[in-house]
Every structure is written in structure tokens, then in C-alpha cells.
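Undergrad: Pulled the feature table from TrEMBL, pasting it below:
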{"type": "TRANSMEM", "residues": "B:12-32", "note": "transmembrane segment"}
{"type": "TRANSMEM", "residues": "B:39-57", "note": "transmembrane segment"}
{"type": "TRANSMEM", "residues": "B:69-90", "note": "transmembrane segment"}
{"type": "TRANSMEM", "residues": "B:115-134", "note": "transmembrane segment"}
{"type": "TRANSMEM", "residues": "B:173-197", "note": "transmembrane segment"}
{"type": "TRANSMEM", "residues": "B:226-247", "note": "transmembrane segment"}
{"type": "TRANSMEM", "residues": "B:259-276", "note": "transmembrane segment"}
{"type": "TRANSMEM", "residues": "B:283-301", "note": "transmembrane segment"}
{"type": "TRANSMEM", "residues": "B:307-325", "note": "transmembrane segment"}
Amino acid sequence: MPLRLLSFAWLACLALFPFVVGCKPGGTTVENPSSEILIGHYASLTGPEATFGKSTDNGVKLAVDEINAAGGFKGRKIKLITYDDKSDAREVNQAVTRLVTSDKVVAVIGEVASSLSLVAGPICQEYGVPMISPSSTNTKVTAVGDMVSRVCFIDPFQAYVCAKFARENERVKASKAAILFAQDQTYSVQLREEFEKWFTQMGGVITSVQTHIKGDQDFSAQLTAIRATNPDVIFIPGYYTDVGNIAVQARNLNITVPLLGGDGWDSDKLPEIAGKAIDGCYYSNHYSPEDPSPRVQEFLTKYKKEFGATPDGLAALGYDAARILFEAMERSPDLKGENLAKAIAETKDFDGVTGKITIDAQRNAVKPAVILEMKDGQRKYVTTIEPIR
Amino acid sequence: MADFVQTLVTSLSVGSLYALIALGYTMVYGILRFINFAHGDIVVLGAWTSFTFATLMRKHVLSGPEIPWWLGPVVLVASMIVCGGVGYLIERFAYRPLRTGKIPLLSRFLPARRVRPGSGINVLITAIGVSLLLQNVGQLKFVFGASPQRMPDLIPYYEVLKLTFAGDPPQSVVIGLVDVIILCASAVLMLVLEGVVFRTKLGTAMRAVSFNTETAALMGIPVDRVISATFVAGSMLAAAAGFLIAMKYPGLNQPAHTIWVLLGLKAFVAAVIGGIGNIRGAMLGGFIIAFVEQFGSYYVSSAYRDVYVFVLLILILLVKPNGILGKAVREKV
């Protein structure tokens, strides 16, 4: 019976495969020289939000290279371990568990997407490893516990910025706004709620609220319904992948009013996907590359030299997140989880690329936001909006 | 009024896309009595091969600003050929061994296994396996990659018709060239398929095989070849649907995005609603679910867009389990 033999051999191969492959990560942990300090990063290096992950990772890398070039932390080199989570909650679970249990990193950086940070937060909290989210803006992310903090502003503020800009800025002066949001995206849902609240509080009217699912390709019905209510601006708090298609279809339906969104728009892919359709649209962001301050310009030059591209807001936040971590390591008595998390939470007036960063009692960063305009495939600085005091 | 007409236009163009995909499900089911769950992934393959061909052509052959009118059809045909080939390979190497018990390439050396007739679960599991394989191969770096891409514009944006209705604010109906092309292309493809199935020798053989495989084989019909032809035809229609989707929605989702599965699932629902195994039923089903989806989203709420489709499926299954155009089949014992 050669077939039976063959299939048995095949099964045996299959059964052994995980062991052969599985040896690798374990091996490196054992051999890891104690002189290196490991920090972990989980990000969407591939998947629907790949540009988010790549930018952030570049930013973190830059900060790590910088500190290592300056002699490392107290003479010890810092080593960055990055895992790709493919924008998938299950992968996040695996990646972060591996970082905190088998790699034994001192701290974890990640994710951009709030829904994914919400998966990782409880794991870091349970194992007592500090986590810094560079750019998850949903309020729930840091509510997980004292191990989790972030270096970006939160959605209620971002929604306030968008609403204020839409109501008061000369370029828009909107009295009627429509909303199209992704109902299965934590980020999008909260931005929508908060925008609706602020916009009506400032005397505006919401004419229509439409929903879609993350990744949807057809938005005709929603846009037709929005068009019928004749708004002055359409608020689209989604990610660049969806916004690109929405913009194209809106223009095809003869909707000419400006579209407005949050930092989920911040990707070079957006003008690539949307083409001319996105011209004259606005979004709120963490920083503008046009900012003349030396801190920003120095970062820009370094980043361009290293990666050959203009850093987006997510790259800047990745950079700031890593640098805040290093600064907290200096202040912390040792590198134990609790002490390090406490040191991160006590960050005050840190001079970051994305502005002066102070972590508040809820472990959120308090700082201003900028509004950028899309013009001929470029982002142009429009205005800065200060935090609500 | 304007919005009603606009929604109608969208429904027609989305409906013809669903119909094209549903045809593949229905043809395979009609002949082999199993659901080819890898069919939805052929649509994705069609969209991404179109993208690859179009970008390569734009980069290396036609780098000028002008896009010649024939580039679209060329890309369409190329991706139909690729997908037809992949459809053939899937049938040959994944499904046929289960049907005949012969392992391809090795059958000369190995004795044929006895295949239990009606072991449908094997085929179903294989279909899911093929689907996962296609998804995972598709997102490899050297295949299509795992980031969304922008499909190059092969069809210039052009308003074929613009009607403006008086009112406050004035409402307009816009029909783009893309929608017209989608409608025409799918109408032509469906007519060709009808012609093949009902007017040619191959079509007669297909119908004979779908009626009774054993008897057809006894009558001298090359059953395996007919089944291959069915897979190739279904995959080519799926490729066309993929191409048209990429034309209408230029922001192309990455190959393993969950939304593609939903698209395949909805097209499958279209085939079931129309009466699975029935070609005209698949077309009808495609348009019906597009109408339900679009009008439901416009007039009720866009939050339940996918719910409408599946509620309709449940209703149809309760009232007319064989679908709208399906005939009741009495089970023989």
C-alpha cells in the first residue's frame, strides 16, 4: 500500500512542521544577551491599513537608532522587535502575547487603530507591561488600566476641532452637515457621536447620518440620500481606504461640497486612490510637515534621509511615542512595569514633533491639533486649533 | 423623484455585477450539485489581475497621458483568460480527483481510490481550502501584496446623462459612462452565455450532464471536458465582474479583505434566490438583491444594508425553497 505509506509520511511531516518552525522564537529569547533592552511594537505592516503601520514603525525605528547612536540607555543598546498584525484582531492578540510573555519586552508600542489597541491593552495590563499607543484616539483605549497611555489627542477633542473648523472657519462656514461613518469601526463611531454633539452645540444642524461597513466599496445609496439634504459639508470620520472611494463616488454624483475627516485620512494612499476628487477637502491631524519649528524640521530631514518620504502624522507620533518611552526610562527608578508605566504617565511638557506633550490623569495627551487641506495630492497647512481649557 | 431614478440606476449597475458573479455559482451547482465557495475569490483574482495588467501596460507600454480606448477591452480579455485558466486548474486539481478518485499526475503510479457517491462534504471542504489558498497566495508580497491599490482609469470619467429636476435644492440624476459600460458589458456576456448554453453542442452537453451525469456519460458525452468548460466559463464571467468592479470602485481592497467574502456570499444568495442551477434565475436574483440593498439603504437605513439581503433570502427559502425560477425537484428514493 504505497499510498497509505505516503500519506502517513505526509502527515508526519505536517505534525512535525510546527515544532521545527516553532523553535526559532524560543531560541532567540534564551540566547538574548541581557545587555540589550527589548521594546516591542505591533503594527499593521500589511493589510488594509498598511501605511499606518509602516509609517509608525519607521518613526519608532528612527527614535531607536537615535538613542543607540547616542550610546543607548545607560550603556545598554535598545532593540526593537516589530510584529506585523495584518490589521487583524486575532493577529494582534498573538503578537502582543508573544511580545510580553516570550520576548519579555520592557514596554510595548502600538497600535494606530483604536479597535486593535483595545485588543492589546488588556493583555499588557494583565502582564504588567506598559503600553504606549502612538495614535489610537478612542477614549476607551486608555480606560483599560494604568499600564496603557497614549501620546495623541483623543476623539472628543478631534471631533471638537472638526466641528469648530466647519462652523467657524471662513473657508467652510457650514450651518448644515451630513455624516457618513463606518458603523463597525470604534474610531469612526466615537468621532461621529462627538462631532454630532459639538456641531449642534455650536448652532449647526446635522441633516443626515448615514453608515457603511469598513471596506465597503459602494456608497451610492448613502451619498444619494446625503445629496438630497443639501449639506454644506460632509463629515467622513473613516480611514483613507474607504474615504478614497467615497470621495470619488461623491464627485461622480455631483456632490461638490467639501468633505471633512479625522487623522484616519492621513496617508499618501488617499490622494492616490481618490485623485482629484479629494481636492479641497480638510482633515484634522497631529502635526503639519510645513511647521517651521526646528524640532519638526530636524525630524523631517532625518526621516527623509532615512526613508525617502515625507513623514505623515503617524510617523511623527511613532517617533514621539518611542522618545517619550526613553525619557520615562531615564526618570523611572528601574525598568519594572509598574514604575515605568508611572513614569510615562507623569510625562510633562515633553517637546515632541507633534507638539508639547503632557500626559493627563486619564493617561491621554493634551495638545493642539492642526487642520490640513488636500490640494493637488499634497497636504497644506490651514490652521491650528488649541485644546479646550 | 430624482433620487428614485438615481437609486434605480445604481441598482441596475450593481445588480449586473451580482448577476455576473451569481452565474458562476449557479452553473457549477447545476452540473455538479455543489457550491464552489472559491468562486468569490476568482472575482477578486479578476479584479487584481486587471489592476496588474493595467498598471504594467500604463508603466511600460503606454506611458503617455492619453489612454487608448482599446486598453480596457484588452485588460478585460487578458484577465478573463487568466481567471479561466485558474478556474480550469482548480477543477482539474482540486475537484476532479474527488469525483474520479484519480490523483492528477500520480494516477499512473497509484491505484484509483473508490469514491463514495454523494460524499459532498469532501468537496465542500476542498472548496473552502481552495478559497483560503487563493486569498493567502493573493496577499503575498510578490503576488498582489496586502495593501489597497488604485486602479488606473481605463474609462475616462464622463457624464452620459445629467437630468436636473426643479426643486429646493434642485436634484439631479447623473449617469456615468462606467455604469453604462457595466450594464452593456454584462448584458453582452449574459447573452453570449445564453447563446452557448441553449444554442450550441457544448451547451446541449452541459444541460445533459446537469440533467443526469451517468446517462450523459453513457451517451458518449465527455463529462469531464464539459465540467471543465463550465468552470472556465464561470471563472471568465467572474473575471469580467472583477474587472468591472475595479472600474466602478477604483480603490481596490486588498485581496484577503473580508468585504470580498461578503460580496461572494451576496452573489451566492442571488443565485439561491433566483433558483440555484438556473441561469436566468441567477441573473434575476442578482438584480433583485441589488434593488433590495440599494432601495433599502436609501429609503429605510443604510445601517442594515446587508441585513435586507439575508432577510430576503430567509423569506424566499420559507415561501419558495427552490428559488423564484427554480423547479421543485422530487427526491427519488
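Quick reminder: no glycine exception, Cβ is built from N, Cα and C everywhere.
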Undergrad: Would you kindly check B:12-32, B:226-247, B:259-276, B:283-301 and say which stretch has the most C-beta pairs under 8 angstroms to the transmembrane segment (B:39-57)?
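TA: By the under-8 Å Cβ criterion, the transmembrane segment (B:39-57) pairs most with B:226-247.
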Undergrad: Check the transmembrane segment (B:283-301) against the transmembrane segment (B:12-32) for contact, please; criterion is three or more CB pairs under 8 Å, pairs 6 or more apart in sequence.
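TA: Between the transmembrane segment (B:12-32) and the transmembrane segment (B:283-301), which are separate recorded stretches, there is contact, as judged by 3 or more close Cβ pairs.
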Undergrad: Under 8 Å between C-beta atoms and at least six residues away from its ends: which parts of the chain pack against the transmembrane segment (B:69-90)?
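TA: That would be 38, 42, 45-46, 49-50, 53-54, 57, 62, 130, 154-155, 181, 185, 228, 231-236, 238-240, 242-243, 247.
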Undergrad: Thinking of Cβ pairs under 8 Å, which stretch from B:12-32, B:173-197, B:226-247 has the most of them with the transmembrane segment (B:259-276)?
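TA: Looking at each of B:12-32, B:173-197, B:226-247 in turn, the most contacts to the transmembrane segment (B:259-276) are made by B:12-32.
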Undergrad: Quickly jot the same-chain residues contacting the transmembrane segment (B:173-197) by Cβ under 8 Å, restricted to those at least six beyond its ends, or write none.
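TA: Result: 2, 5-6, 9-10, 12-13, 16-17, 19-20, 23, 72, 76, 155-163, 165, 203, 206-207, 233, 237, 240-241, 244, 247-248, 279, 283.
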